[in-house]
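Copied from TrEMBL, the annotated features are:
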TRANSMEM  A:40-64  transmembrane segment
DOMAIN    A:109-322  domain 'ABC transmembrane type-1'
TRANSMEM  A:114-134  transmembrane segment
TRANSMEM  A:146-166  transmembrane segment
TRANSMEM  A:194-218  transmembrane segment
TRANSMEM  A:239-264  transmembrane segment
TRANSMEM  A:270-290  transmembrane segment
TRANSMEM  A:302-325  transmembrane segment
Amino acid sequence: MSAKSQVAHAAGQVAMFPARAVEPLMSGLQRVLGIKRMPWVFLIPNLTAVVLFALLPVFINVFYSVSGSDRLFPWDRPFIGGANYQTLFDCTNYLDPATCSRDLFWRALGNTMVFVPVQVTVMITIALLTAVCLNREIRGRGFFRGIFFFPVMLSPVVVALTWQWILQRNGALNGLLSATGLPTLNWLVFPNTAFFWSVFVTVWAHMGFYTIILLAGLQSIPRDVYEAARMDSATPWRSFTRITLPLLKPVLLVVFILAVIRSVQTFDELYVLTGGGPGSATMLMVQYIYEVGFAAQPRNFGLAAAASLLLGLALLVFTAIQMRISRGGNND
Amino acid sequence: MKLASMKTTTALALVLAALPATGAIGQEIRMLVGDTGTGGTLFEEMAATFEEEHPGVDVVIEEVSYQTIVESLPVQLQAGEGPDIAIITDLGGLSPFYEDITDYVDADYFEQEWGQTLQWLRGGDTESSAIYGMPTTLTVNGAYVNLTLFEQAGVEVPEEGATWQEWAEATRQVAEATGTDFPMEMDRSGHRFASLAISYGAELVDEEGNPVVDDGLRAAIEQFVEWHENGTMPMDLWGAVGGSTHRELFSDFLNANVVLYFGGSWTLAQMDTEVGDLFDWAVVPAPCGPSSCTVMPGGGAMVGFSHTDHPELVGELINFFAQPENLDFYISQEVEIPSAASQIENGVDYPSASENTQDALAVFSAQIPKMADAAYRFQGWRYQRAMMNSLTTRISQVLNNELSVDAALERIEQDVNLAIEAAQTNS
């Protein structure tokens with residue numbers, strides 16, 4: 001046996017050591033449980049992690065939502081049934097938040113229902129256009145890819161503070177407008193402009209991530225399909241709508257689901273940029289949950305847990321619909 | 001067998017040898033201090049003397065961000081964890097977690113020096129005489145005025161006793177004459193607004209600890225809204241921000257963009273370092289409302305927590321920091337308003353502060369005896385933060401036409417009652 005094969009043999013022995021060490025244990029287990037139950041033994045480590053870090057928090061959240069007081073530990077909290085949900089749904093007219101006991105919950109819900117579709121549509125449209133541009137043979141393509149991805153690497157608080165300095169009364173944007181003789185505006189003081197900038201800033205901050213995913217999807221489309229279309233005199237628009245979009249559909253669906261979930265979770269940028277204002281014009285659901293559960297004194301963990309479960313439920317339903325559509329698309 | 005008995009003997013010997021050593025490790029007291037001002041530096045200096053006097057005691061001063069004390073410390077305390085001592089500002093809100101140190105301190109001395117402010121630590125329990133800690137410093141809300149702008153405009157600075165409306169009128173004239181952006185600004189803080197409200201007759205909380213929404217509060221909100229509508233105050237703070245978010249724009253005063261800024265004594269050091277002699281400024285006595293000329297007090301307190309393993313030592317350490325020589329050292333180095341009666345009466349030397357700052361400190365200190373009872377009561381109320389959060393949230397909604405003043409008052413009452421109800425659901 002050569003020196004090389006001796007080393008390889010020794011390495012194999014070392015690698016097999018753990019397997020040999022547990023072999024008696026596994027054999028014993030197999031004798032007791034039977035071979036059909038053995039897969040569960042191997043799944044236990046992962047299942048433990050899922051139960052501890054995913055399922056248990058959900059159950060704890062459910063318990064918080066049906067318990068009262070400002071106590072932290074579950075065993076110190078009295079059971080109050082559906083009182084927190086009842087408080088949230090205590091409304092004379094669901095379309096008019098002013099008639100609700102927890103009016104800010106309904107205002108935040110209404111804002112979220114407008115913010116999410118607008119932000120996701122704008123984000124995906126711009127990300128797709130950017131990805132299409134970056135997929136072409138343009139000069140400095142790598143540089144531009146880096147530029148568009150750069151905001152994704154910034155902390156949300158840094159993003160919000162930067163835009164606050166740009167948009168405030170004496171900020172950079174008004175300085176620029178003033179220098180060019182254009183009228184200035186206090187951008188974050190009016191509900192409509194504040195909402196516009198909320199969408200703009202969050203799109204700016206996250207667009208790069210989706211652009212990269214879409215770019216990868218575009219690059220996986222075979223070139224010869226486009227060449228065949230060109231030979232058939234297809235216009236660029238027709239190629240885009242008949243080749244690019246259909247072949248990109250699975251990637252677009254993933255991007256769509258990720259973008260919706262991230263959009264519903266929006267909190268940090270807007271909390272620093274507008275604090276949910278003016279009034280409650282940009283207060284979204286997560287900020288409401290934060291305000292009730294953490295900023296309030298005494299902290300109302302129960303109400304915050306109830307609101308977050310409702311939000312989670314809405315996201316679950318939405319994701320199920322998306323997955324169904326996605327499956328339908330694949331079957332076609 | 002022989003080997004086994006040797007092992008046992010050795011193990012026993014090691015355990016016995018370790019016992020006296022464990023006793024010598026002594027006791028450790030952890031104290032949490034915010035990073036504002038000088039942070040934990042002065043306390044470390046003073047604690048060294050305490051450690052010399054108490055061999056085997058180790059005082060560990062941990063300096064953390066102020067935000068940690070406001071947001072993380074309450075959660076640690078709820079979990080029965082955290083430091084033995086901390087310097088906190090939510091005096092009434094954290095009252096359920098305090099350790100009663102009456103037996104370990106000179107109680108008469110504490111009552112004599114901090115009689116009224118000790119009540120803030122009792123969470124509104126008017127029958128309690130427990131001593132939970134030592135108020136370290138007082139902060140006082142107040143108005144900073146740009147005197148240079150007044151001089152340039154040729155407008156007289158209103159005298160002591162001038163009303164809020166007279167100040168608004170005077171600052172409007174100055175802003176108009178000098179082209180300054182805004183006449184007045186106020187931190188977006190329920191605490192700052194409470195100064196205005198109480199001077200307009202608002203009670204905010206009664207003697208039994210129940211929230212009060214009255215005509216005084218209505219008048220203050222109406223006045224505040226009017227100032228925003230007529231441009232006396234900008235929308236940037238109270239109008240543009242939502243929820244309970246704290247926001248300030250003291251930079252507007254530092255840059256001479258506003259004539260009067262209503263903030264507090266904690267920005268004095270900033271005035272010295274950032275403005276210096278670029279323009280003349282002063283802190284003016286509390287503007288008067290129809291009810292009184294009062295501002296809100298605030299401040300920090302050094303408290304011990306009930307989960308501590310060393311309550312006696314915690315009490316002794318707080319008692320040590322409370323001694324006159326340590327108090328004088330701390331207040332003069334920190335350039336803060338004292339909270340101890342003897343220091344307020346005799347004054348404190350601030351060798352490192354400028355003349356302007358010393359004058360301003362004198363004005364702030366002079367407001368303390370004039371503060372309304374309602375201001376003291378509100379400061380020590382356990383549900384003060386619930387009321388302050390609701391004030392900021394609802395007033396901003398009124399400024400943005402989401403609520404009428406009547407609806408806002410109803411909401412404020414409801415918000416605070418719901419917070420109290422949620423906290424008291426124990427059965």
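The backbone N, Cα and C atoms fix where each Cβ goes, glycine too.
Since we're looking at a predicted model, the values are computed, not measured.
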Given the transmembrane segment (A:270-290), which of the listed stretches A:40-64, A:114-134, A:194-218, A:239-264 has the most Cβ pairs that are under 8 Å apart from it?
A:194-218
At a C-beta cut-off of under 8 Å, are there same-chain residues at least 6 beyond the transmembrane segment (A:239-264) that contact it? List them, or none.
112, 115-116, 119-120, 123-124, 127-128, 132, 202, 206, 210, 213-214, 216-218, 221, 225-226, 229-230, 284-286, 311, 314-315, 318-319, 322, 325-326, 329-330
Same-chain residues near the transmembrane segment (A:40-64), Cβ under 8 Å, at least 6 residues beyond its ends:
26, 29, 33, 74, 77, 301-302, 304-305, 308-309, 312
